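For reference, TrEMBL has these:
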type     : residues : note
ACT_SITE : 183      : active site, proton donor/acceptor
BINDING  : 185      : substrate binding site
DOMAIN   : 178-218  : domain 'PLD phosphodiesterase'
SITE     : 215      : site 'Interaction with DNA'
């Protein structure tokens, strides 16, 4: 069975699917998934080898396993229907995972800070190469369904207004289908021509399509276990998704056409930055 198939089996077993049903997966041919990745999150604390299979650690391991890892800058565009109480630590961890990091780079930097509680500030790399797509209140209001149709799209006002929230990375999420709102959870990664891959893949980029919004609950956080002192991945949600490489000649970092025919890009890109007068669509109508 491929790595993809094995990860599906692990996820199903952890979610309580009957053992016989999980075992029945061996009756199926997973060979067509050899170049795909299955990424998942499982609630709880995960240590040792399990740590590297879950949340953003699992995403990084999958990227590396598919030969998509790189030490050079990449372009990352993230669209989601919900934003959690996020900060630059999480954004940096996700960016590192998209380069193929196993989660330890951000963790080691964070625990090594001299001042406890001191949060990471945005680097030029994140400001220039990481974009988060979430609709403004105006975009929701002008949609066909209006504000009454956006109940499953949410960010809380208190999170948005926190000093640590990465507002400068957020772009207005406007659907390519006029007047419609999105509930997609997708990560689009593009490799500029100068970005060399560590593995053998020739992919110009890849996409994650799944259930995970941009939050610690979905992607987890690596923390120090109080009992052992070792690293532990802590997640709160059940999530899963697929990583799909896209092939072609890497562009100059601005070309989304590499996804054509493989993964539809649902939103207008690269996305309009929020103006000072803009506010996101707030959950429960927060002002």
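The backbone N, Cα and C atoms fix where each Cβ goes, glycine too.
Heads up, TrEMBL stuff is auto-annotated, nobody curated it.
Remember, predicted model here, so these are calculated numbers, not experimental data.
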Within the same chain, the residues at least 6 apart in sequence whose Cβ is under 8 angstroms from that of the residue listed as 'substrate binding site' are 79, 80, 81, 209, 210, 211, 212, 213, 241
Cα-Cα separation of residue 183 (active site, proton donor/acceptor) and residue 215 (site 'Interaction with DNA'), in Å?
15
Quick check on the domain 'PLD phosphodiesterase' (178-218): DSSP residue counts for helix, strand, coil, in that order please.
3 helix, 15 strand, 23 coil
Using a 10 Å cut-off, grab the number of neighbouring Cβ atoms around the Cβ of residue 183 (active site, proton donor/acceptor), all chains included.
13
Cβ-Cβ distance under 8 Å, sequence separation of 6 or more, same chain as residue 215 (site 'Interaction with DNA'); the residues meeting this, in order, are 82, 83, 84, 85, 86, 90, 237
